[in-house]
Amino acid sequence: MSSTRIELDQDFIDQVKHEIKPHWGELGWVTYKRTYARWLPEKNRSENWDETVKRVIEGNVNLDPRLQGTPSEEVINELTNEAKQLFRLTYGLSATPSGRNLWISGTDYQKRTGDSLNNCWFIAIRPQEYGDSHIVPTYIDKREKAVSMPFSFLFDQLMKGGGVGFSVVNSNIKQIPKVDNKIDLTVVINKSSKSHDASIKVGAVDKDEWEKQNPDHDDIIYYRLPDTREGWVLANARLIDMHFNNTNPDQKTKLVLDISDIRPYGAKIHGFGGTASGPMPLVEMFIDINNVINARVGKNLTAVDATDICNLIGKTVVAGNVRRSAELALGSNDDQDFIKMKQDKEKLYHHRWASNNSVAINSKFNNYGPIADGILHNGEPGIVNLDLSRNYGRIVDGYQPGIDDDVEGTNPCGEISLANGEPCNLFEVFPYTAEKQGWNLKEAFTLATRFAKRVTFSHYDWEVSRKIIQKNRRIGVSMSGIQDWLLNDLGHRVVTGFEDAVDEQSGEKIKKPIYDPKGIEMVDSLYKAVITADKAYSEELGVNPSIKHTTVKPSGTVAKLAGVSEGMHFHYAGYLIQRIRFQASDPLLPALKECGYHTEPDIYTKNTICVEFPLRAAHADSKNFASAGTVSIEEQFATQAFLQTYWSDNAVSCTITFQSDENDEIAPLLRQYRHTIKSTSLLPYYGGSLKQAPKEPINKKTYEERAALITDDVEEVFTKQNDDQKGLELVGQTDCEGGACPIK
């Protein structure tokens, strides 16, 4: 069916560029240019900000299903005007779509790959049907449950640049049948492949030599991998499924995987972008996964085994230099092997680093001592309260049994509770910036709601996702720079104090937070605006209202664009040095040096340059300003509870930082907020004690001295140097406060 296309004309864009100055943070333009500006081959340069915003907004507005066929003049005018407002909102940096949308929306890759606009996903690790999906193994019926399916889903989404949360709780793992077969795996490669020698070193064998020794293939399953994402996934699926009789119809136990056609290291990846890792990481992954499952022949896989398989997949995906896989493993709270699995340092450094690990709890759970102890040792596990997620939206709206009953887990950063196969779908508004730029906040949040709703009309690759998205239409409208906004509008932080109280169930004495009533009204009114907008738009489109609507995402890279505090987090310090790592060949480096930024070789990675940016937080000199280094653990818990109570009906992503003298408060505070906080994680506050730390707190005098050395605007100098070329790629840059989500 043909469709009408909404486009923004150049005269309008030129007018907006004349009227609105983007609210770049001190790191904003540099972060944008190296992370979200796509290469324009026809112009031999990367995008400028107005071109990125045009691409992104048009890519989104044209998802409105009413544009299929012959839409009315009224619909065309409505969406054209909406596109213009969204352009103004985003160009000025009063709000932005998720980083994933900034990178992918409006590209050919979006049109080809329906999943590409969603940052993160969730899958339950249990046998599942492939169904009507873009990947279905040929050796089984699409309606047959296969152990490989959730691993295939995870592998596919990670390679498309998404993060994946996965559940290995006991109720899922016990559905996996006993391992029937030990598989004899051989990975072969042709001498003509450029990757031949490197692949042999990691365990592959020469194809000609193997053929000589194995002239008879009757008892062998032979699979020659095509040079595609799907080929990698299907090879791994075959390897996993051969271990189980019900998905091994040939009852063969020898598997040969031929990797001769896989492009070599450094070759270009079309679509998502970047360069290939070559087949070597894949060879290692196949061998390692086979060893994990072979070790359980006659027994059941454990939660640790399943997590290892997911981590090995994640490690392989990370080997490509663009995709940064984020994983969250959710285990049972009484599974001590799972909770302690990262204490095996050899396996931690080999692959177990690839996921952040959390445990599933309910509000009756009370054994927080071991969890607090684990957090003190290695910052894990985080906690996810599935009971609250299934039966509550905002806490203030009370118990609503089964309101979100399909929830089984969360995305890697923990701000969206998700059902099996479901993605998060994010857009964030910067209320502090939006107010400064004259926006009515309710209008800004209405535009955000409609943007996110349209993403649910993408063509999704997996049947499990299509079904749950059509049912739930879940969106995640977030706000960032929350501390800046509250401090600006209230004149102080939202937690004004604590009062003595008693926990009604346990009888323990607690300190109950006191919130500024105006702060409550501020977020409550915006929540109601989102609900109203979703209801109206859903009626227009003839679809279900979204099951949940609001969240607080950790932000990070996107918050840097506007220079605001990240999500609900407090600024790391009032004044700080932010260090960002660039590849030594990055064309931004000469401009940064000419502007006076301090640069030096990175002490951890070859061919990498560390650049220091002096930053000042909004309101850094206010007597009511607090940073992550000065705010108490109690106030951070209370602030997260405030947002979960009055703003977010999904969840609130938060990494609470604590000082060494607050260690004993972790377990009591987790217990106190068990009826309020849906997910949280904690990390010790380091305060820049590491050499070349990403963030190093400094005093005002040092900031002023460093800032005085910066003589020019990087964007202007870069343009003058006219050295705009490819290669603007992040090195070791994590997106959110806890480092869980480096997803673009």
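Positions of Cβ are set from backbone N, Cα and C atoms, glycine also.
For CYS413 (among others), the entry in Swiss-Prot reads active site.
Annotated active site per Swiss-Prot: GLU415 (among others), in sequence order, evidence recorded as similarity to another entry. Look at GLU415 (active site): DSSP puts it in coil. A simple way to gauge crowding: the CB of GLU415 (active site) has 30 other CB atoms within 10 angstroms, across all the protein chains here.
The disulfide bond annotation in Swiss-Prot covers CYS120-CYS424, and the record cites similarity to another entry as its basis. When secondary structure is read from DSSP and collapsed to three states, CYS424 (disulfide bond) falls in the coil class.
Under DSSP, the residues of the region 'Effector region-1' (148-159) split into helix, strand and coil as follows: 12 helix, 0 strand, 0 coil. Residues or ranges marked as region 'Effector region-1' by Swiss-Prot: 148-159.
What Swiss-Prot records for 169-318 is region 'Effector region-2', and it gives similarity to another entry as the kind of evidence. With DSSP states grouped into helix (H, G, I), strand (E, B) and coil, the region 'Effector region-2' (169-318) comes out at 64 helix, 22 strand, 64 coil.
What Swiss-Prot records for 570-631 is region 'Adenosylcobalamin-binding-1'.
Marked as region 'Adenosylcobalamin-binding-2' by Swiss-Prot: 690-729. Panel annotation: around the region 'Adenosylcobalamin-binding-2' (690-729), residues 29-30, 33-35, 37, 39, 44-46, 274, 321-322, 572-580, 583, 585-588, 590-592, 594-598, 602-604, 610, 612, 614-616, 620-621, 627, 629 of the same chain, lying at least six beyond its termini, place a Cβ under 8 Å from a Cβ of the stretch.
Secondary structure from DSSP puts CYS120 (disulfide bond) in a beta strand. Annotation: CYS413 carries the greatest number of neighbouring Cβ atoms among the recorded positions CYS120, CYS413, CYS424 [cut-off 10 Å, Cβ to Cβ]. Comparing GLU415 (active site) with CYS424 (disulfide bond), their Cα atoms are 9 Å apart once rounded.
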